[in-house]
Ligand SMILES: NC(=O)C1=CN([C@@H]2O[C@H](COP(=O)(O)OP(=O)(O)OC[C@H]3O[C@@H](n4cnc5c(N)ncnc54)[C@H](OP(=O)(O)O)[C@@H]3O)[C@@H](O)[C@H]2O)C=CC1
Ligand SMILES: O=C(O)[C@@H]1CCC=N1
């Protein structure tokens, strides 16, 4: 049986298990999970009776043809060290790791490799998984992986050059937007006495409604701002302040994230491990 193996049962790993099984794209006997701690293995086994739980990454690799690696970039070398010796070479490895290039991965595994960058919002069936296939991936394997991630939400194919910028928006973006929601609600609460929880509730509804409005009407953000900011009114005062300050803040934010993207997967020093 062509079982799917998932290494790592953290935020992404547990979301993928949940998505693959609740969507029905996989049944429990088609999925094997390996993760470092006994605690996480037990949590997976308790949540999903029937899913294969491998005691080691090598044990998983012996059973699966598609192997999704959902560990932090810093752990990738360790995991590959464990699974490569027991693999045939015709497996398809799917790496979720931010900042580890196909070239780096191909230097240790010359077979089928795909990078997939999901998003935590797929927990609620919304958001985009970015997918970038390596040169060795045949059409059936590509469709198989795209089908798996489609069960969680949108799949968008990207080139590896586009991947960091696309990831900043689609996968890191929810974290950034959560900061903005928190800060906007916090400032409103501080200035007005409105309880923070109520401010967060109102802000969340507003953000979801704003995205829906832009999506459904096809308006550009600039057009929407004009509609909301009545000339000489209240919004205009706030928009003016943000337009002064935000470009600098966002430029710094994006530059620091792109820089981190270049270093987070820096495992070349450990390449001799393979
Ligand atoms: N979080 C996000 O929104 C996104 C993350 N990613 C990428 O996904 C990957 C996982 O991120 P995330 O889920 O947030 O990270 P977490 O820290 O939540 O999860 C990492 C998991 O890896 C497991 N693990 C660590 N070392 C090993 C090992 N040697 N063998 C097996 N399992 C191991 C941990 O095990 P245990 O629990 O057993 O200790 C843990 O379950 C990262 O590479 C990240 O770049 C990509 C897109 C979005
Ligand atoms: O912050 C991170 O490194 C990961 C990658 C994309 C979202 N979270």
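Here the Cβ of each residue, glycine as well, is placed from N, Cα and C on the backbone.
Please treat TrEMBL annotations as automatic predictions, because they have not gone through curation.
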Since TrEMBL lists 7, 8, 9, 10, 11, 12, 70, 71, 72, 73 for NADP(+), which candidate among 35, 114, 119 does it give for that site as well?
35
Specify the secondary structure state of residue 35 (NADP(+) binding site) as given by DSSP, simplified to three classes.
coil
Cβ contacts within 10 Å for residue 9 (NADP(+) binding site), all chains included, total 25
Under a three-state DSSP reduction, the secondary structure at residue 11 (NADP(+) binding site) is helix
Would you mind splitting the domain 'Pyrroline-5-carboxylate reductase catalytic N-terminal' (3-99) into helix, strand and coil residue counts from DSSP?
47 helix, 21 strand, 29 coil
If you draw a 10 Å sphere around the Cβ of residue 71 (NADP(+) binding site), how many other Cβ atoms fall inside it, taking every protein chain shown into account?
22
Cβ atoms other than its own within 10 Å of the Cβ of residue 73 (NADP(+) binding site), all chains, total 18
